[in-house]
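Features as listed in TrEMBL:
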- 370-401: region 'Disordered' (REGION)
- 95-137: repeat 'WD' (REPEAT)
- 182-217: repeat 'WD' (REPEAT)
- 242-283: repeat 'WD' (REPEAT)
- 331-362: repeat 'WD' (REPEAT)
Amino acid sequence: MLGFLTARQAGLDDPLRLRRAESTRRVLNLKLNPDRDVDRIHGNGINSIDIETIEGRYMLSGGADGVIVIYDLDNYSRKPQYTCKAVCTVGRSSRHVHKFSVETVLWYPYDTGMFVSSSFDKTMKVWDTETLKPAEVFEFESNVYSHHLSPIAKKHSLIAVGTKNPKIQLCDLKSGSKIHVLQGHKAEVLSVRWSPRYEHILATASADSKVKVWDVRRASGSLFTLDQHNGDKSKSASEAVNTAHNGRVNGLSFTADGLFFLTTGTDDRMRLWNSATGENTLVNYGKVCNESRKGLQFSVSQGCSPEFVFVPCGSSVAVYVLHTGELVTMLRGHYNNVDCCKFHPDHQELYSGGKDGNILAWVPVLRTSDVEEESDQKNKGAADSSGVNRAFQDAWSSDED
């Protein structure tokens, strides 16, 4: 730590290097915090969680019981032991509540005054946070598995929606209507994600084993379909051509810079792809247990060097190094399968939700004082027996001397 500070002060180091190093250290020291609880509100499993990026203070959760909860993550008591309280809830008593399981919840990227939820009741609702009433309701012909809003879009306000129907729906927030359909998949679409780099690029993952990348400005089909064998026909059977996985693809996430994205499938594999070319980078993450029949929400770190991936794996959360595939650790604490997790880049914390109805907070262990600092303090104590800091000692000479 002292070396980083000295190099930064002397102008020898990149100003962000210290921040990246400390962020990485914190992620590598994530532990289940016994002093921090999250209010247990859901009576059933938790399918999705999201943390808003404006203040980094409020967390959304959506459960299999149809309930949506907003939590305040701030610690106002300033005590080491505290509970993240539920600020408000769209519970079973509300007439606006989803009738069936809530599959995805997302904050509006530019304002905490709005959030969006989708459910197996064949609806997607745009909520006013203040009144907890839907400002807009989109209805579909089949169950909704996933939806996503672009985190950077300025020229459009589209929500991409994946349903049991193979067609991807694009809904416009401004007009409140479904304006476009993307056709190409042959089975239900389990996950959709907008690129954090280009506002018009969309990636979709389906139960037909395929992942497609689209430019929504083009009327023709997808830009390309991912191929796990990178076009090498000798390695793939005829039925496996242009497939990303050998099973249902139920997880999809871009890296923070948008240069790569990850997919997970029921073939117990996770793959890293170049988002510009669609090339499989062939990073080997080993066996990544995945038994989910629905969408799987995993998370990628931000501001670390190297970056990390947090993936639900049975009743644990597996932590991998993004570009090498090395398994760093397994975060164990849930009593049942984990379905979602969300990384908090402001504090390098992780929140995970599972079928046990609990949301667990994984927090970095506090840094122990450096050996150099301790020895310096001992030397100073021996030199200054008076215990008074030399900066406050009277150094003026006297006329009598």
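Using the three backbone atoms N, Cα and C, a Cβ is placed for every residue, glycine included.
What you are looking at is a predicted structure, and each value in this text was computed from that prediction instead of being measured.
Residues of the same chain lying 6 or more positions beyond the ends of the repeat 'WD' (331-362) and with a Cβ under 8 Å from any Cβ of it are 23, 26-27, 30-33, 36-38, 40, 42-51, 56, 59, 61, 63-64, 71, 73, 84, 256, 291-292, 294, 296-304, 310-319. DSSP places the residues of the repeat 'WD' (242-283) in helix, strand and coil in these numbers: 0 helix, 19 strand, 23 coil. Averaged across the repeat 'WD' (242-283), pLDDT in this predicted model comes to 94.
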